[in-house]
Amino acid sequence: MVKLTLKRLSAEDEYPDLSQHNNYMAKVLTQDMYKKLRERATPSGFTIDGVIQTGVDNPGHPFIMTVGCVAGDEETYEVFKDLLDPVIEDRHGGYKPTDKHKTDLNSGNLKGGDDLDPNYVLSSRVRTGRSIRGFSLPPHCSRGERRAVEKLSIEALASLSGDLKGKYYALKNMTDAEQQQLIDDHFLFDKPVSPLLLASGMARDWPDARGIWHNDNKTFLVWVNEEDHLRVISMQKGGNMKEVFTRFCTGLTKIESLFKERSHEFMWNEHLGYVLTCPSNLGTGLRAGVHVKLPNLSKNTKFEEVLKKLRLQKRGTGGVDTAAVGGVFDISNADRLGFSEVELVQMVVDGVKLLVDMEKRLEKGQSIDDLMPAQK
Amino acid sequence: MASSFSRILSSKRHIGILTLVGGSVTAGFLLHREHVSAGVPVRRRYPASAEFPDLRKHNNCMASNLTPAIYAKLCDRATPNGFTLDEAIQTGVDNPGHPFIKTVGMVAGDEESYEVFADLLDPVIKERHNGYDPRVMKHPTDLDSSKIQSGHFDERYVLSSRVRTGRSIRGLSLPPACTRAERREVERVVVDALSGLKGDLTGKYYSLTQMTEKEQQQLIDDHFLFDKPVSPLLTCAGMARDWPDARGIWHNIEKTFLIWVNEEDHTRVISMEKGGNMKRVFERFCRGLKEVERLIQERGWEFMWNERLGYVLTCPSNLGTGLRAGVHVKLPLLSKDPRFSKILDNLRLQKRGTGGVDTAAVGGVFDISNLDRLGQSEVQLVQTVVDGVNYLIECEKRLERGQDIKVPPPINKFKV
């Protein structure tokens, strides 16, 4: 006869070992906080362990600070605010729980941006994400929910017209020819391989209900059910960021109204702006960037400082964590929350203009000292 | 063990659907976690047909047996620990499988999974274990190593001998479902028991989180160290969560008896040595297992076992004995004979490369072990390996002498 072990597993016994960890979640989550939060779940049943699993499984990198937690639904940001508010504050440069986030998708408010020098700026791109209110997010959604998100998205996107008219390619139904074309266009997304994403459960049931929609002109692209419900991308070759951003705003606004016609809305509130799976993408969820040739400036000792002052970040042209090739960098806004879409794109436009001016000076062997910007 | 009474109170679904009928109460039933909901559940619900996975491209035992009707019946249930059907099948949904190798495609999250999801697990078990029907058949357990005959192989051919199995601690969830506290409890219970082993079984525990670099290197050199699983078959089932917390390796000083803690199962138990003395390897295996069982029973615990399924482990493929007895054996001539596969089949043996499952053989050296796990006892399976390997060595010797060999008649699968 087995001894009847009537145990309530204690918070102390459940608390994760974060001694080797370096991510925002590990910095914030004390045992007391864990004890308090494990008594809760969101209405759809998401728990603190679900929130933090990715951060427990991925201790992090000494130099790159990952977030280490995700949302399973919109309510996560409320139910687990004791953890998420400080994580958000730390990740988003001091954004407080009482702060309000401005949304501005009026591309007419952008000054300039249509004349970045195409000899240097090879391509321009703006991306963001959107979540459909009432549905769980990728770490937590059931197959039924994910399929419903796909169905709604397909219906809404099918109503787009004019230069936004396009077609949906479901990952599990696409032909070899379609797949190759999407790869050649650099549109196709793969099943995530990063353990940061896998550990949170976002890749479950792949490729069910995942797909890619793009317009016939291949300048407006929507990913369905990858890391977020929707990722929306506007892009084109050259330096006309204004045109890219205008299409972005028009497209997003149109998609939003199409969802509203079907009685659905995006997750949004005035504190966090647009709500997405990863706390790093709150607010605007916006990354506006260019591929730009800066072979001289990138070797200059002041490069990092300039980027920091301009509130920009650099990546290789393969995306985050890749190295630059041939002096070509991906330069984009570092911020997401606490600035509006227009403000962030303005920073990119003004900043890239300055970087190109600096590059031209250095080409001629001239100094860039007088061009050094103030901290934005 | 009679089937357990399960009161379903799942944090995820808040639906009180009852399954099963009463019997004895297990410690696991009383080990419940409280998840207090933040309010009335408002999660969007879909009918089973909208949730049913798309298995059209799949080739695994779960996909072969999961019908929409079975899914509809089981999808709103959970075990007392809250483990659901979706969690049980997630690995099989995420890993469609291989055209040639049929994987199982599902796991158990706890002992009760095998009851609560019996409508799916029973046919999966039947398919995987060659017709063993858990609804009507009984599994024999026999750890009396003295019954083994001719268990010492010709060491010109057999380089090493090894027997492994797994054991689960009753009352604690299995690796796909366990919480950090449960996993740590498994570690505590097992390490505490192992510290009571004496004589040639005296040994030491090396926790993955605390081992020194020197200890780690030694364990690698001994080929004892296990890594965080990388196979998506395992990671998709959630077994690698919180790695390396509460994982470790215990081995005796002589390095002939080894236990893995919290890898794919609560414990994996391995007895091994160089050479061909399979009888001694199995003797130590049985003795060690019985001693560990006695030590945990002293502390009020026991292994998961029942007469339908034998020893209960995470993967349905390891039910029954969970036993793989094998040798590394040199068969350069026989392995090139076109009859090799058929001979192995009839002897109920399988071959692997010496790097383990899915590796290729090197230098004509093969890992030869039993195919079956459930429906025959440990003694029967080890005897099968002994008889089979002796036969293979005879074939090899005959081929060396230029003589012909015969394909043996197929042996019986179930000796019940």
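Backbone N, Cα and C atoms are what each Cβ position is placed from, and that goes for glycine too.
Summarising the annotation, TrEMBL assigns ATP binding site to A:123-127, A:HIS186, A:ARG231, A:287-291, A:315-320. The feature domain 'Phosphagen kinase N-terminal' is assigned by TrEMBL to A:7-93. Look at TrEMBL and you will find A:120-362 tagged as domain 'Phosphagen kinase C-terminal'.
Ranked by Cβ neighbours within 10 A across all protein chains shown, the binding-site residues A:ARG231, A:ARG315 are led by A:ARG231. Taking all protein chains in view, 18 other C-beta atoms sit within 10 angstroms of the C-beta of A:SER123 (ATP binding site). Long-range C-beta contacts of A:GLY289 (ATP binding site), restricted to its own chain and to partners at least six residues apart, with a cutoff below 8 Å, comprise A:SER124, A:ARG125, A:VAL126, A:ARG315, A:ASP330, A:ILE331, A:SER332, A:ASN333, A:VAL348. All protein chains included, A:VAL126 (ATP binding site) registers 28 other Cβ atoms within 10 Å of its own Cβ.
Taking H, G and I as helix, E and B as strand and the rest as coil, DSSP gives the domain 'Phosphagen kinase N-terminal' (A:7-93) the counts 41 helix, 2 strand, 44 coil.
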